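What Swiss-Prot records for this protein:
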TRANSIT   1-32  transit peptide
BINDING   Gln108, Asp201, Ser202, His203, Arg489, Arg494, Ala685, Arg686  substrate binding site
BINDING   Cys399, Cys462, Cys465  [4Fe-4S] cluster binding site
REGION    538-564  region 'Disordered'
Amino acid sequence: MVRQLVWQRATASRRLAPKCLSPQQLFARRGLATEASAARMPPYPKIVRNLEQVRKVLGSSRALTLAEKILYAHLDNAEESLLTGTNNGKDIRGKANLKLKPDRVAMQDASAQMALLQFMSCGLPSTAVPASIHCDHMIVGERGADTDLPASIEGNREVFDFLESAAKRYGIEFWPPGAGIIHQSVLENYAAPGLMMLGTDSHTPNAGGLGAIAIGVGGADAVDALVDAPWELKAPRILGVRLEGRLSGWASPKDIILHLAGKLTVRGGTGYVIEYHGPGVETLSCTGMATCCNMGAEVGATTSVFPFSPSMVPYLQATHRGHVAQAAAEIAASGPKNLLRADDGAEYDQLITIDLSTLEPHVNGPFTPDLSVRLSDFANTVRENKWPETLGAGLIGSCTNSSYEDMTRAEDLVKQASAAGLKPKADFFITPGSEQIRATLDRDQTLASFSEAGGTVLANACGPCIGQWKRTDGVAKGEDNAIFTSYNRNFPGRNDGNRRTMNFLASPEIVTALAYSGSTTFNPMTDTLKTPSGEEFKFRPPQGSDLPSAGFADGNPALQPSAGVPDASVEVIVSPTSERLALLEPFAPFPEGELSGLKVLYKVKGQCTTDTISAAGPWLKYKGHLPNISANTLIGAVNAATGETNVAYDDAGNKHSIPDLAARWKADGIEWLVVAEDNYGEGSAREHAALQPRYLGGRIIVAKSFARIHETNLKKQGVVPLTFADKADYDRIDACDQVDTVGLYETLQSGGQGSIQLQVTKKSGEKLTIPVNHTLSKDQCGFILAGSALNLLAKRAHQ
């Protein structure tokens, strides 16, 4: 049995210490969670009433998609949001500014720090909506859970203490280190059909597998919900994905989204909700649907959602939420226009049809999640591109693929190989998604199968997927190497800090099979392996179970969440000498006039993700300390002029790191901007990618296009995101050019009405005028004028 370290609740002295429990304690009944589940029912009567009001505003004959129903039923004022600037409600998608009231908020430990620091400055006694904190991002994967978890707890004690004390004070449920990955825990405990929630992580849409509208946001957006302020979203367009047929053989739900990512690309879903429908939906498990929704983030989608389906009822029942299942089933049976399915005749802005019966496994990568290749073509692709043919490691798990179904299908392959006397030729790592999953896999001997085969079972946490991987296989920085993972993201350097590690994304089944071959060119559907006795061995297609026949094991009671009851007597302390946490100083408001004398700090070439702008991995420890983490700003960005990474030049031609030059200019009172290409800020929801440039003196980012979450985060922190009216103008502006704005101040003052230009002065003295576009709403103009959304909230609170 894999023994899990358990979080010891903070004592009066506020000390946090790990301890091990006996097997008897490990499987104790989880009374707290079972009782708490009764309070996790979505406010269905209110949501249904709100939808009825929406029908009155838009007309009862208006056919709505599922996503529209759930979103519009959570509007603060349906008439205001749906009829303002929309041709009396005829042109809502892409035009209306929806002001929404989410049902709940979830935060992971890395992003929760800044979200809580912002929330604390508002001076409220508790959160306005139910909220939870999940400690999953700051746990390193190296040798296994028993070793890694205590070391990570000790190394992050100050941060975990801060998060737990803040949770206790403000009535937030606190899931301690080792309890599981945020999205798996949300699926098991909080997600429900028809729910709308925000999460401070880009893969929050995972909850769409249970019919929820769940949207990834930055911490400042989460604060809106926590203080009961309406949260604003540009009304998304709807991309319908019709599923037909049934998966078979080696194909899995992961292959649906890997295939879709190849069709849409990393920005093809921007501004859309992906809404799955069709007869194929009823053939998928709840956790399989969650996998599809999880990776909607990789195509830029606002979120993804599935309609209520037969698999949701047994999943809710198995996770102690039979009362939610019953209520949702009653709504689903209430008529053809019910909350939990699209209306007949609902129209989609785009429609893609996928035949599950003909879908085969896909492999996506390297370096981008949309480079999709069918498994049957992958070996040739490897050879044509001269990618490494030796597989260094196979890693399964993560929030995308750590369900009971995922793990038992992988176990089936392990058992087949073990019976033939085979062992993995590549390092093999397994990450359970939650304590409930881990305990169940332990009880059912699945973890024993992995361990006996030579696999390493990591803690119930993000680990290598978020860059918390301490590799011990001797791969040097800068050395080309290949890994296969069942993760969701594969940007350069993301997993191990080595930008030459090629991470190929696949299903857990394909990753497991390739780990046994040790080769990136192996195709388990057709190829064979040699057994120790010299015989040919071929894998059979994997089999698994959606849900455990004996029910889920309860797991360790010490890894259940604290009760969400506020306690004003709890003191939340942030030491002024801390290297990990720092209280926030308000940003200065926008000047009374145009911005002038800005300088171009950097012109970015190619892909610029949030990992590029604010790296994770070892930098996660500074997430609560803005001055310290700002030292990693844009360190992954490629210089458009020289091709160098993290190399910037000042006016005199002197060489600096990007954050060093930004800090020097800040000290000299020089404000700056960044010039970038398409989909700037793709990837995670981390608001540090907006906070850090703002802290260092950044005022504007001008790009060919933006990723949705990052564009919003910039506005929230007072940074102005602008796009080139003509993308060719990217080539006309260079590092160290001087820039003045024309029309920006007037646009901000008028609530977003007006046109903006950049007046560029080249080093030669030549002057250029570059027209730019914006997406600023009236409220967002208020954020920027005030200096940040938090400044505006504080100002309103004191009025």
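Cβ atoms here come from the backbone N, Cα and C positions, even for glycine.
Shown on the structure are the features that Swiss-Prot records.
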residue : record                        : contacts (Cβ under 8 Å, 6+ apart)
Gln108  : substrate binding site        : Ile133, His134, Cys135, Asp136, His137, Ile182, Gly199, Thr200, Asp201, Cys462
Ser202  : substrate binding site        : Gly216, Ala297, Gly683, Ser684, Ala685, Ile709
His203  : substrate binding site        : His183, Gly216, Asn294, Met295, Ala297, Cys399, Thr400, Asn488
Cys465  : [4Fe-4S] cluster binding site : Leu395, Gly397, Ser398, Cys399, Thr431, Thr485, Tyr487, Asn488, Arg489, Asn495
Arg494  : substrate binding site        : Ile466, Gly467, Asn503, Asp611, Ala616
Arg686  : substrate binding site        : Ala110, Ser111, Gly218, Thr610, Ser614, Ala616
Would you mind ranking the binding-site residues Asp201, Cys399, Cys462, Arg489, Ala685 by how many other Cβ atoms sit within 10 Å of each Cβ and giving me the lowest? Arg489
I want the residues beyond Cys399, Cys462, Cys465 whose C-beta is within 8 angstroms of the mean position of the [4Fe-4S] cluster site's C-beta atoms, in chain order. Asp136, His137, Ile181, His183, His203, Gly397, Ser398, Thr400, Thr431, Ala461, Gly463, Ile466, Tyr487, Asn488
Gln108 (substrate binding site) - helix vs strand vs coil (DSSP): strand
For substrate, with binding residues Gln108, Asp201, Ser202, His203, Arg489, Arg494, Ala685, Arg686 per the record, max Cα distance (Å, no decimals) returned as 18
DSSP on the region 'Disordered' (538-564): how many residues come out helix, how many strand, how many coil? 3 helix, 0 strand, 24 coil
